[in-house]
Amino acid sequence: KCRIIREFPDIVFKGLTLVQVSQKFGKAGFEDVKKVTEEIVHLNEDCCKGDAVECMMERMEATDHICEAKDKLSSKLADCCAKSILERTPCLLALPNDESDLSKELKNYYEDERVCENYKKDKLLFLAHFTHDYARSHQESSPQSCLRVSKGFEGLLEKCCASENHAECLKQAPILLEAALKEIEELRKQNCGALQLLGFRDYNIQLLFRYFFKMPQVTAPTLVELAGRMTKVAVYCCGLAENKQQTCAEEKLDILLGEMCEKEKHTFVNDNVRHCCVDSYANRRKCFTDLQRYPNYVAPKWDESKLHFNEDLCKGSEDDQIKKKLEVLVEYMKMKPDCGPEKLKEVVEAFRKIDIKCCAAEDHQKCFDDEKAGLLQIIEAH
C-alpha cells in the first residue's frame with residue numbers, strides 16, 4: 001500500500017480502496033462506502049509516514065466508525081464488531097465479501113439519455129459511482145481488473161460524449177465490459193491449464209524463458225527468483241475455486257511486480273520495463289503480461305566459463321540446486337538469445353540428463369568434466 005501511495009498519483013490509491021471497500025460491502029450504498037473509503041485512505045497515508053502509534057490509533061478509530069455504521073454496511077459485521085478493539089481489525093480484514101444483488105450489465109451507465117450530461121457535470125463523481133457499482137457486482141474480478149475497466153470506461157465516455165451521436169457511440173460499452181471479463185477468464189484458463197499440463201518444474205522453466213525475452217538484461221538470480229515466485233503464485237491460486245483464481249493471482253502478482261519495480265526504479269533494465277512499472281498501476285500486471293521480446297538486446301560474446309557445469313549444482317537444498325541450474329540456463333540464453341524454442345528444448349533436455357547422471361555419480365565433478373564437452377557441443381551447435 002505504501003509503495004502505491006509513494007509511486008502513483010493520489011487518485012490511484014483512492015480508486016483501489018474504493019473498489020476494495022465496494023467489494024467487501026457489496027450491499028452498501030455509495031455514500032456509506034465513500035465515507036469508509038476516505039477514512040481508510042487517510043489512515044493509510046498517515047501510517048505510511050511511519051508513526052506507528054498514530055497509525056494504530058487511527059486504525060482503531062476507523063474500525064469503530066465501521067462498526068457504528070454496521071447496519072448500513074453489512075449484515076456480516078455484527079460478529080466482528082462484538083469482539084474486543086484489538087481483535088476487530090483482523091476480523092474485518094478476514095470477513096468474506098457481501099454479495100451484491102446488482103445486475104452485472106449496469107445499463108444505466110450507458111443507456112440512460114442523461115449519461116453524458118451527468119458525466120460532464122462531475123466526471124470524478126460519475127466514475128466513482130460506476131467504479132463502486134462495477135466492483136460490487138463483479139466480486140470475481142480483482143481490484144486491479146476493476147480499475148482497468150473503470151479506466152477503459154472513462155476513455156469511452158470521453159470519446160462518446162464528444163461525439164455528435166453519443167447514444168450510438170455508447171453502444172460499445174457492453175462490448176468493452178464483456179471483453180474485459182473474457183480476457184481475464186482466458187488468461188486464467190491459459191495459465192492454470194499450462195500448470196496442470198506441464199507440472200511445476202516445466203511451467204517454471206516456461207515462465208523463465210518468457211520473462212527472459214521480455215527483460216534479457218536482468219541478472220540470472222533475479223530472473224530465476226521472479227519466475228520461481230510467479231510459479232508458486234500459480235500453484236497456490238490455481239488450487240482455489242475457479243471464481244477466486246483470477247483475484248488471487250492478480251493481487252499476488254501485483255505485490256511481486258511492485259517489489260521488482262521498486263528494486264529496478266533507479267536503473268530500469270530497459271524502457272519497456274520502465275513503462276510497465278511507472279505508467280499505470282491498474283495496467284501494470286497486464287503490461288508485463290503483454291510485453292513482447294525486447295528488440296534492442298545485444299548479446300555478450302560467447303564465454304563458456306559463465307556456464308558453471310560443476311559439482312556445485314548438486315550441493316545445497318533441493319531449492320538451491322534448482323536455482324543454480326536455472327541460472328545456468330539463463331546465462332546460456334543471455335549469450336544465445338536467438339535460439340528457437342526447439343533448440344531451447346534440446347538444451348534443457350541435454351542439461352537435465354547430464355545433471356541427473358552426474359548428481360547421482362560417486363564423483364560429481366569427474367562426471368561433469370567428462371560430460372561437459374558433449375553438452376557444449378549441443379549448446380554451440382546453433
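Cβ coordinates are placed from backbone N, Cα and C, and glycine is handled just like the others.
A quick note: this is a predicted structure, and the numbers were derived from the prediction, not measured.
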Cysteine paired with CYS47, where Swiss-Prot records a disulfide bond, from CYS55, CYS67: CYS55
Are there any residues at least 6 positions away along the chain from CYS359 (disulfide bond) with a Cβ closer than 8 Å to its Cβ? List them or say none. LEU313, CYS314, GLN321
Considering only the disulfide-bonded residues CYS81, CYS116, CYS169, CYS248, CYS276, CYS367, which fall within 10 Å of CYS238 (disulfide bond) when distances are taken between Cα atoms? CYS248
Listed disulfide-bonded residues CYS55, CYS80, CYS81, CYS248, CYS358; those within 10 A of CYS161 (disulfide bond), CA to CA, turn out to be none
Return the residues near CYS237 (disulfide bond) by Cβ distance under 8 Å, restricted to its own chain and a separation of at least 6 in sequence. CYS192, LYS244, GLN245, CYS248, ALA249, LYS252
Checking the recorded positions GLU54, CYS81, CYS367 against CYS160 (disulfide bond) with a 10 Å Cα-Cα cut-off, in sequence order, leaves none
Could you tell me which three-state DSSP class CYS48 (disulfide bond) falls into? coil
